[in-house]
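Note sheet for the following structure.
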Amino acid sequence: MSAQKPERRRTAPDILARKGGEPIVSLTAYSAALAPFVDPLVDFILVGDSLGMVEHAMESTLSVSLDLMIAHGRAVVRSTAQSLIVVDMPFGSYEASKEDAFRAAARLMAETGCGAVKLEGGVPMAETIAFIAARGIPVMAHVGLTPQAVNALGGFKSQGHDAAAREKILADAVAVSQAGAFAVVVEGVVAPLAEEITRAVAIPTIGIGASSACDGQILVLNDMLGLTPRVPKFVKRYGAIGEAVASAVAAYAEEVRERSFPGEAQTYKPRG
Ligand code: KIV
């Protein structure tokens with residue numbers, strides 16, 4: 001994050017201008033409860049479709065709908081003021097045609113007030129990215145481990161283990177950069193490949209499980225806060241919020257059971 005607080009919300013061009021400069025700080029967030037704590041401390045917030053797994057207990061991101069992304073995107077935009085808000089395009093909303101993709105992206109922009117959308121895929125999505133970006137919608141791309149392709153990839157596994165796979169991921173990153181994406185998430189690749197991609201493309205690379213060679217980093221908020229039981233190996237836990245919630249609930253439960261709970265009519269104050 002740049003040290004100075006912005007007077008206005010950050011934009012996609014602000015993020016693009018950070019290529020090769022001060023590292024870009026980003027996290028996912030999905031709710032009006034947590035996004036305001038993240039907002040002043042990061043450059044952009046991604047309302048990721050990972051919300052299907054970490055907020056809705058889905059097995060993968062494949063069942064996330066456009067309406068669900070809009071509901072969460074709206075909550076995050078309303079409860080923040082400084083970061084660029086990027087909303088993920090869910091599986092099935094953009095792959096069939098560039099026109100479908102534009103319509104879905106336009107709904108995300110119009111109905112949430114977000115500043116950009118993100119979609120997964122490299123070379124096969126380049127034409128779609130160019131089409132959407134040329135019509136005024138900033139697009140962030142996502143290459144390497146692309147969770148919406150979990151079935152084709154054979155699981156949530158790191159990518160780029162042989163020369164052909166590395167060539168393909170590099171070509172994907174170059175294609176999305178040339179197509180007009182303003183940044184690209186690089187997920188689950190080894191450090192030398194992340195470094196090569198970062199050197200090769202004209203846009204900021206945002207790493208997740210891709211080493212510190214990238215222009216910026218992103219993590220799933222619930223993972224780094226300790227709100228999810230299982231996290232990928234590369235994730236460092238910076239908080240123990242799950243434990244904090246459990247101990248607060250235990251304290252409350254004990255007071256209720258011992259009939260020492262302090263809430264009564266005289267002390268009750270309405271919210272707001
Ligand atoms: O959906 C998501 O949270 C993402 C990040 C992991 C980059 O795409």
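Cβ coordinates are placed from backbone N, Cα and C, and glycine is handled just like the others.
Under the DSSP three-state reduction, GLU187 (active site, proton acceptor) is assigned to strand. The annotation active site, proton acceptor is assigned in TrEMBL to GLU187.
Summarising the annotation, TrEMBL assigns 3-methyl-2-oxobutanoate binding site to ASP49, SER50, ASP88, LYS118. On its own chain, SER50 (3-methyl-2-oxobutanoate binding site) has THR28, THR61, PRO147, VAL220 as residues at least 6 apart in sequence with a Cβ closer than 8 Å to its own Cβ.
Per TrEMBL, the feature Mg(2+) binding site maps to ASP49, ASP88, GLU120. For ASP49 (3-methyl-2-oxobutanoate binding site), the number of other Cβ atoms no farther than 10 Å from its own Cβ, over all displayed protein chains, is 29. According to its DSSP assignment, ASP49 (3-methyl-2-oxobutanoate binding site) is coil.
Here the CA atom of GLU120 (Mg(2+) binding site) lies 11 Å from the CA atom of GLU187 (active site, proton acceptor). DSSP assigns GLU120 (Mg(2+) binding site) to coil, not to a helix or a strand. Within the same chain, the residues at least 6 positions away from GLU120 (Mg(2+) binding site) whose Cβ sits under 8 Å from its Cβ are ALA141, HIS142, VAL143, THR146, PRO147, GLN148, ALA149, listed in sequence order.
Each residue in GLY48, SER50, THR61, VAL64, MET89, PRO90, PHE91, LYS118, LEU119, HIS142, PRO147, GLN148 lies on the same chain as ASP49, ASP88, GLU120 and has a C-beta within 8 Å of the C-beta centroid of that Mg(2+) site, without being one of the site residues.
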